Each structure stands twice: as C-alpha cells, then as structure tokens.
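Structure record follows, encoded as structure tokens.
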Amino acid sequence: MIAVGIEGSANKVGVGIIFHPEDGSTPQVLANVRHTYVTPPGEGFLPKDTARHHRAWVVKLVKQALQDARVSVKDVDCICYTKGPGMGAPLQSCAIAARMLSLLWSKALVGVNHCVGHIEMGRAITGATNPVVLYVSGGNTQVIAYSSQRYRIFGETLDIAVGNCLDRFARTLQISNDPAPGYNIEQLAKKGKRLVDLPYTVKGMDISMSGVLAAIDALAVQYGLDGEWDGKEEGADSASGEADDGKPTRADLCFSLQETVYSMLVEITERAMAHVGSKEVLIVGGVGCNERLQEMMGIMARDRGGTVHATDERYCIDNGIMIAQAGLMAYKTGFRTPLKDATCTQRFRTDEVLVKWRD
Amino acid sequence: MTQEYQPPPLPPPFHHHNHRTQSTATTTTTSTTTLPPPILLTQGAEAHLYKTHYLNATTHPAALKIRPSKPYRHPILDRRLTRQRILQEARCLAKLVREGVAVPALYAVDWEGQTAVVDAATGAERYGGAWLLMEWVEGDVVRVVVQAWERAMLARFAAADQHPRRRQADGEMEVDGDQGDNGHVERKREEERMKDLLRRIGAAVGRLHAAGVIHGDLTTSNLILRPKKESGQGDGEGEGAGEVDLEGEVVLIDFGLASQSVQDEDRAVDLYVLERAFGSTHPRTEAFFAEVLEGYRASYRGAASVLKRLEEVRLRGRKKSMLG
C-alpha cells in the first residue's frame, strides 16, 4: 500500500510517499521532500505569510515527490494530511491541498495528528518498539508513553515549547533563521564555556520555559548582547580566553541556555522512564536533532542501562513522510476522514487519537 | 548494550561496601565492618534507594537515598541542583515529622556529596553523591496496590467483562445493571474499599498541605500503604478469595521535589500532578479519582479554595494544546 503525506503545521511544508509491502516487511520511504519558509534574523514566521509560502510550494512538492517515488497516481491508496495541532493558516492551506488531491484523484483522505506522526515515524526509522518518547519542537514539548491504545502524555511544558524558547532567544540575539534558529544556537553554543545561572523549573514531570527565556533575554540586554552583531568578538574571545571582567559572551549565553533547558528535558524524560519502567528513549521533533540533547540523553540512558533512539533532520524536523506513515497505519485499520470532516484544528492533543494499530 | 547494569559506587561512609558488590564469587573480602552492605532497591529518576539500617541492623532498618551526580548535566548545574534538592528534602521531612504527618523520619544527611569515588564500571572517578538516611517504611507503594486490585477485580468479575460495554477502557469499573445481584453487591463492596483508600490518600495529601509543604511529585509510586501492625502480612498480594489488602496508613515518601508553601496555587498544582499521574498510571480506576479530592476536601480548612483553584489549573496549562 502506498500513501502520500502532506505536512504544513508550521514553517515547513513537506510531502512524503511511503510504501508498506503487503507481506508486512519494513516500510520504504519512496519520497520525502520539504521546503522551509525562512524569515530574516530577528523575525519569527507569521501565519498568513507562512500559509502563502505553503500554498506556493505544495503543488510543486507533490509533483516532485511523485517523480522521486516513481509511482503514478493510480498506485496511491490514500492522501494523508496534518489535521493538527499547529498554526491555523498553514494547516488550512495544506488541508485544502489534501482535499483537492483527494477529489482530483478519487482517493480516501486520512487526517493525522502531527505528534502521532512524529512518534510513528521515529518508531519506524529506529525500530524502537515501546519507548518513552520525548517530543520536542517549536510548538510542542511532551514526554509520552504508550498505554492501552493511546499515546499518553506524562509530562509537558506548562507554557512555551522548548523550540520556541530557543527560537525566541535567537531572535533576541538576531541569529540567522537559516537553516533553523535552533541549529545556529547549537553551533554558537559549542564555543561557549561559562555557565550562567538560569531558573531551572521542573514541576513533577512538567516543565516551564518562559522564566528561563525571560531570564536569558534579560541577561542578553544587561550585557548589551542583544540586537545586531558584527560577529567579531566571538572569534576574539575564544582566542584570548574569557579573563575579561567576568562578562559572558553570546556563545556563553547560548551554551547556558542549552545546558539548562536540555537538563530539564532529560530530567523529566528520566522521571517518566523510572515511572513506567522503560529502558528505551526515542527523541522526535525538530529540537531532537540537536546533538547536545542527544548526547545528554545518551549519557542518562546509559547510566540507567538503557538506550536512546534518535533520527536525523530528514525525519526529526517536520516532514510529509511521517504523516504518510502514521496515516497509512490508521488507514489499514479502516480509519478514513470523510471529505466533510477533512478540516484542521490548532488544538489536537496527542492522547485524543485512538491508536488502533498497536496492542 | 546487553551488559549487566551496574549502579554507581556508594559514597562514604557506605563506600567500603563497593568492593564486596563487585568481587567475584571466589574472593571473600575482608571487610572490617560488621554491617551487611546496603541493598539496592530501586533506581528512581533522581536517586538510588538502598535498604540499610541505622545504628542497629536488627532493630532499625533504614532507607538510604543517594543522589548520585548526573554526568549528563553540567557539573556546576549538577552540584547546585543536588545540594538544593537534598537540603530541601531534608528540611521538609524534618518539618513534617514535627507536624505529625505520616512521612519517614530523617536520621542523617550529607548535602555536599563531593567525595570522589571510583566507578567500578568505567574506572573513572566521579562524585559519590549526596545522601539522606531515613526511617524504613513497611508496605507496598500505592501503585502496586491499585494495580493488584485492578487485576483482582478483572479476575473476579471476568464474566461481567465479557459484556461488550465493559471493554471500553475508561470507566470500566462502573456499575452495570445487567449483573447478577450477588456479583453486583460484591463489586460494589470492592469498589467502596478502593474509594476508601483513595479518600485516605486525599486526606494524607491534605495533612501535608496543612503543614505547609508541597510534595512536587505526587504519584501513586510516592505513596506507601503501611499495613496495620497487628496484621502480619508483608506483601500486597491478595489473601483468601483474591482480596487485596487496602487497609493501613498512607505514608508519603520521596520529597525530592518538595517545597514549602501555603499558596492555593502551589497546592492546586500539586493535586493536578497527582490527578494526571493517576490518570496515566491507572486509566481503569481513573473514574474514582474524585474520591481523592473528597478526602482532601475534608482534611483541613482551606482545602475548598484549593479545589476551586484546581479547576482553574486544569483549564490552564497545556491541557489543550496550543502554540507558544
């Protein structure tokens, strides 16, 4: 069976085509293409501009995906699309694209929960059977474990998502959004050495990020590190050491922010592992491709005698193939989204989905 | 990957037992101490829990909680968090014991934990970790008790479960009119026993809050059901006709994330954490959670306003997903 997946809940629009062999062997990725809406440094992406970007790109990407996959329209079994959660306008443009293709090609529609898409793709790629899932992206931060046909949320952020915290700090420092603000923070953090004191907010298995962001933003302003930057000092301070008056650098702030928020994430993941008695962790979502987070999670898992599974940017960052994967799994259990219900929603909890394909 | 898990080495003064745990079967270590070595019970998220004793091996069993350093964390952050938390925990325990709340008594504490020990697995040096020595609390954690009860319920009323409506996960234990009178009464009685336990849990949390302490990580794994002294049964496995013992005193443990506060907000969040943990750990019994809140309501003055606040907390947070 073959499914086309369309994703566009944030600033990436992606189309993927997945093939599930009839004999039940490993699913094959036939195509996975994506285009990202990149804004200038210091700016975030606005819904209406992002939606415009998606509308401009989705047809091109579908054509490209079909070409890459070397399949014709008649081989396709269903069209899967992201029903939510995400930003309203971008979601809508992709839902329209999916409905159009469904009518044009007379194919069934499958609305997919974005978070479940991430989890299912992560499981398919890494082969993790029943892991504790840390889902970290620009819009979501959740610790999830499977139980009785639901992906249950054990812990999550009480305010903003971790990716949002990083992105917004990148905006404060006016770090480039290309390819992604988080990626550029990660690169800058590698040069940081000094740890500044930041709030560390863990409440049970939940965390809070907004205080950390406010504190680091305030530090950036206090030391005059916000706003545009000529990029000179970064090279200079690594050469001369940081003996100068104890003032942190931009790199130090990025380093401290990463160390603090990732420690919080690893801590709640570890707590969920201890709680459900699992030894496997799967990291999914855009922030999941951060190597420092993967490294910290790896050390934690090893200390517990467990293992960590992570994927690379093709599958971590929002993509169409994960929607195709989760959609096709639901499709096989008989799940369909009738045209009149093929809407999208900004609010769609991970645990609202009945996971019929697992026991 | 498949290698045997080795816990981190014990910090002083327990460290001389490290040799013994790693020695092979043939060598007998000539340890000068007469104490039996601490036994590792569980590896929680933050700490390792050992069973040992205080002063006298036969009369005073004790729980030793070690917070090993977390190698994944930046050393400065790690030290700050470890010190802060172990001191916080010790202070809360001391206060609760004074206030007469059912918690383990505090015997001794080392909050620095900066003594270096050698890791048997890697040969590398690491900090031994801060530790806390507490009274040993007999009994099973409530998670185990509830799960045993759920299993017993399924086994006893299996016939009723063949009813198609029964299989729907949530509210499974709800009363069903179709049932034979006998089974119905039995089931009611069993459910009443569980509800009573849940009310006692609520009351225990209420006493904690009344003493001005917030637990911070309330789950059914952090509550122990201490059996009554006279009934000599040790484990929570059912006796007789598959009946799980639900009697006893609810003791709160693990104050690793505890703090001192009398704010409605903090108390409500504490209850919310319990509610969420209960729902995800015991989906079958989730419908009874209201009993915990009932027990809480009756436990101290001011509980009512906390419960009111809880309604707000439920609506807030990320109950409904949104973009930040």
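A Cβ is built for glycine as well, from the same backbone N, Cα and C atoms used for every other residue.
If you check TrEMBL, you get these features:
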| type | residues | note |
| --- | --- | --- |
| BINDING | A:His114, A:His118, A:Tyr135, A:Asp318 | divalent metal cation binding site |
| BINDING | A:Tyr135, A:Val136, A:Ser137, A:Gly138, A:Gly139, A:Asp167, A:Gly182, A:Glu186, A:Asn290 | substrate binding site |
| DOMAIN | A:29-324 | domain 'Gcp-like' |
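Shown on the structure are the features that TrEMBL records.
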residue	record	Cβ contacts under 8 Å, 6 or more apart
A:His114	divalent metal cation binding site	A:Glu7, A:Ser9, A:Thr82, A:Lys83, A:Gly84, A:Pro85, A:Gly86, A:Asp318, A:Ile323, A:Phe348
A:His118	divalent metal cation binding site	A:Tyr135, A:Ser137, A:Val284, A:Gly285, A:Met322
A:Gly139	substrate binding site	A:Ser9, A:Ala10, A:Pro85, A:Gly86, A:Met87, A:Ala161, A:Gly163, A:Asn164
A:Gly182	substrate binding site	A:Gly138, A:Gly163, A:Leu166, A:Asp167, A:Ala170, A:Gly286, A:Val287, A:Asn290
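Classification of A:Gly182 (substrate binding site) by DSSP places it within a helix. In the three-state DSSP scheme, A:Tyr135 (divalent metal cation binding site) is classed as strand. Among the residues the record lists as binding substrate, namely A:Tyr135, A:Val136, A:Ser137, A:Gly138, A:Gly139, A:Asp167, A:Gly182, A:Glu186, A:Asn290, the two farthest apart have Cα atoms separated by 18 Å. Reduced to three states, the DSSP call for A:Asn290 (substrate binding site) is coil.
Filtering of the binding-site residues A:Tyr135, A:Ser137, A:Gly139, A:Asn290, A:Asp318 by Cβ separation from chain B (threshold: under 8 Å) yields A:Gly139, ordered along the sequence.
The average per-residue pLDDT of the prediction over the domain 'Gcp-like' (A:29-324) is 92, rounded to a whole number. Taking all protein chains in view, 27 other C-beta atoms sit within 10 angstroms of the C-beta of A:Tyr135 (divalent metal cation binding site). Within 8 Å of the centroid of the Cβ atoms of A:His114, A:His118, A:Tyr135, A:Asp318, where the record puts divalent metal cation, the same chain has further Cβ atoms from A:Ser9, A:Cys115, A:Gly117, A:Ile119, A:Ser137, A:Asn140, A:Val284, A:Gly285, A:Met322.
Secondary structure at A:His114 (divalent metal cation binding site), as computed by DSSP, is helix.
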